[in-house]
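The annotation domain 'ABC transmembrane type-1' is assigned in TrEMBL to 71-260. Residues or ranges marked as transmembrane segment in TrEMBL: 12-31, 75-99, 119-146, 188-206, 240-259.
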Amino acid sequence: MMKFIRQNPLFVIGFVMVVILLGVAGIYDWVSPYGLEQMDMRNRFALPSAIHWLGTDNFGRDLATRLAAGARISLTIGIGTVAISALIGTALGIISGYYGGYVDTILMRVVDVFMAFPAFVLALAIIAVLGPGPLNLVISLAAIYWTQYARVARAMTLTEREKDYVAAARGIGASATRIITLHILPNILGPLIVLATFGMGTAIVAESGMSFLGLGVQPPTPTWGWSLAYGLKYLRAEPWMSTAAGLSLMFAVLAFNLLGDGIRDYLDPNRVTTKAVKKAVRTNVKRA
């Protein structure tokens, strides 16, 4: 593990960025001297400074405090979306791949139906029916992302069910439930974990997009998407309002993408690191 960390600095950077993001989301607005809705009309549109690290908005509210609260909301919705998507998609994918036949055909047709609709359009339609709000937003996003987990789980299960250890488990009379939970699932978790890590960044972007359009978490609850939309009104005069929210969103997505890349490389037994490639090149040059 330590060798892998030394050879993959981007994984370390991603991990540290995720830790920082979780720390800011968890404690910043609790230790901040400013409340979420605390106004200071004498300091409206204050520039970033030692007092207000990211400046203030048109009501004199501290932007750093509000963006930290927005980080907690985005992470909560992202985790909820990934958890529901992964649970439903993985369960249906394993069932489809293990049993095959009519079960596989029916479940895969359901997946095809969901994937036939443009993802964002389907999410908008669900929100239009259920109404805006954090829980409904999680449901709408999970409805468009669970198919990814179902397809990956099915493909991996089709491979694993033909292996000798599964045949041996069947031979000793193990039930399908026992084979799936104790044998197949542990062996397909790697790709699913990688998919979930990348999915966090995707879910955060989707949540911000919905909130930007006014279909996600509603004001006055501060979210990154709402902060972006709100800051557009003052973009020319006070650009840091939208810039801070945009940079926060970029930081979160980059953090989870780097972490996902690192986990994928660690779980891939055939991975070739940059350092290994350079070493091989030097060796070949010396031999030549």
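Positions of Cβ are set from backbone N, Cα and C atoms, glycine also.
Keep in mind that TrEMBL annotations are predicted by a computer and have not been checked by a curator.
In terms of C-beta pairs under 8 Å, the stretch of 75-99, 119-146, 188-206, 240-259 lying closest in packing to the transmembrane segment (12-31) is 240-259. Most Cβ pairs under 8 A with the transmembrane segment (188-206) among the ranges 75-99, 119-146, 240-259 are made by 75-99.
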